[in-house]
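Inspection log for the structure reproduced underneath, given as structure tokens.
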Amino acid sequence: MGCMSSGSVQSKTMAACALVGFVGLSAFVVSLTLTWREEDYHVEAAVRWTMAAAGALILAVTSRTGHSVASGLALFVLGTGVLAYPTLLGLAAADVGGRPVAVLASAGHVLPLTMVQLAPVLVSGHVTGRSCRGWAGVVLAVAAVGAVLTGLGLSVEPSGGPLLAVAGLLWFGSFALAPVACWTAVRGTAGHRRRRGIIAGLASLVPVLIIVWCITLGGLGSALALGGDPTIAALFLGFSVATTGCALLSVAALSDDSSPLLRSTVVVGLMRAMVLAVVVLVASGVALATITLLPTREAAVLIAVALTVVLGWSATRVLQWVAGVVDPVAELRLEIERATGLLAGRHRGVAESVVRRLLGDQGAALAFNVEDGRWVDVEGQVLALTPSENVVLAREQDEDVVLLVSGDTRARRDAAAWGDCGLVLAPALMEAREAWQSGRASVAAQVERARLQQDLHDGLQGRLLGLALNLQMSRDYIDDPVARLAISETVSELRGAVQDVRAMAGGRLPQILVDDGLGAAVRAFVQPVRARIGTLDLSPDLAGRRPLASVEACAYFVVGEAINNAIKHSGCDRIDVTIAIHDDSVVVRVSDDGIGGADVRLGSGLRGLTERVHAHGGLLIVSDREENGTLVEAVLPCGR
């Protein structure tokens, strides 16, 4: 129903605009056939055609763009008034309709120029979400008072001069209301809302600049004796361009978020064009003034050119400021890019330092959402925060991911004006998350090491020590010196194996792993339990193509954990170990013929080992064999 209602309103708007446009253009064409009898001024047919075309264009764009009812009505009235104005001028100049038509023609500019003030104000309130009803009421009230004074002045001519003068001052002064209202509404906004508000603010400035500029050009034309009455032509052309520009910008502010007109680069370009227009306007005004004061035109032109150069140089700083107005985060982006180039790999610290400097708050801090609402600071310390109490600087899939923590009200307000800084702060957020994951892997390794130390102490280490003790005691009952020597060597090897087990349990790598690599270390590790080892298949590549030391250590711990679990829990008689290198990955397989049923989710050892393998970019799978027993498989990237 909502869509049907919206479509129905859109259809009715298009129909109304089309009907008014057709009737208005038809009446205008008829007015062109009438003889112009007015002697005080003359408006050329081409100028009147321009005015009519402007009105028709305004109605056309109004009919095809969705917007609020109030804004749409103001634009509709604007288009109607602009289209009717040249027709009224033609009728009045031909003495058609008598006094009422003459009065309407004289005041034909009042309604359109009121709408070019009202429409941007209404649009600004709609797109920024801030009520501008008070400003709209003031604009209408001033226009009404000015119209009454103008009507009274015209009705009592020639003694109505003072009333007309007051009405004129009130009228021209009212053009400051719309810019003030629109640009006030822009403050504190961000993103698309800010850009929409800025475009509405430009719409309020266009009529003032263009009309004043056209009057100035007309004055220059008269002063330079270019022929005819260029002031009148320039005034009406300026009226056409100003009303059309105001309508087009107002409609642009109401366009969809996907519209290219709402891109930062486009809005910045529009604002820079406005700055340059002010420069040209001031230079034109100076040229007009100097022509009337100086004896030669050449001197006036030189002064105007010199002033234009000076103003143009001054405007360069304004043009740089424009980008910050449209996109407040632009300065933050630039400063972070500069600092990061000098301090590579310190994105979090750089971002926080730049934010503090730009906000003037050395106590400000950045907080990053690293996992499921867990917030950390730039040092990785966990924080207890809620987004509602702080300024959200970045969002990701409707979730707050970067916050500004500050006790300074002004700093929070300025930061809120930045809007979404997600792209600028993405490297810092990624760095925080990588540090968090790395920290988790380190914690997991510590927990796993402590658990493995206890398991090895209670299991494999105890068995090895018991075996060594039994052998040492049995040596006393053997008379054969060769056998006694063999037993002593075996006891010595068992004690060495116990030392390796203790080193592994304490997180220290066995020296043989460091010196000779994974293959040699695994052979030494399984030697004390060689009776239970069925297959020991170690790829020849392990000797000449060593992975990274951290990868070798991780694979070694996988073998140790799998063998320890098999001996301690499975009741197995046979353990098979296979280690190979395939496609730049270390593949570890440890299987037993025990009772099976191992579960990563239930065992803290396997769970910690899984996190350790994942931290190295690998994959660990624990499953039951088809016959019986457990299969532990790990795939780890070699890293080189």
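The backbone N, Cα and C atoms fix where each Cβ goes, and this holds for glycine too.
As recorded in TrEMBL:
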DOMAIN    550-640  domain 'Histidine kinase/HSP90-like ATPase'
TRANSMEM  41-61  transmembrane segment
TRANSMEM  73-94  transmembrane segment
TRANSMEM  100-123  transmembrane segment
TRANSMEM  135-156  transmembrane segment
TRANSMEM  162-186  transmembrane segment
TRANSMEM  198-226  transmembrane segment
TRANSMEM  232-254  transmembrane segment
TRANSMEM  266-293  transmembrane segment
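The transmembrane segment (162-186) makes no contact with the transmembrane segment (41-61), as judged by fewer than three Cβ pairs under 8 Å among residues 6 or more apart in sequence. The stretch from 41-61, 73-94, 100-123, 135-156 with the most CB pairs below 8 A to the transmembrane segment (232-254) is 41-61. Proximity of distant same-chain residues to the transmembrane segment (41-61), defined by a Cβ-Cβ separation under 8 Å and at least 6 residues beyond the stretch ends, is recorded for 17-18, 20-21, 24-25, 28, 31-32, 75-76, 78-87, 89-90, 93, 229, 232-233, 236-237, 239-241, 243-244, 247-248, 251. Across the range of the domain 'Histidine kinase/HSP90-like ATPase' (550-640), the DSSP-based residue counts are 33 helix, 30 strand, 28 coil. Model confidence over the domain 'Histidine kinase/HSP90-like ATPase' (550-640) is summarised by a mean pLDDT of 82.
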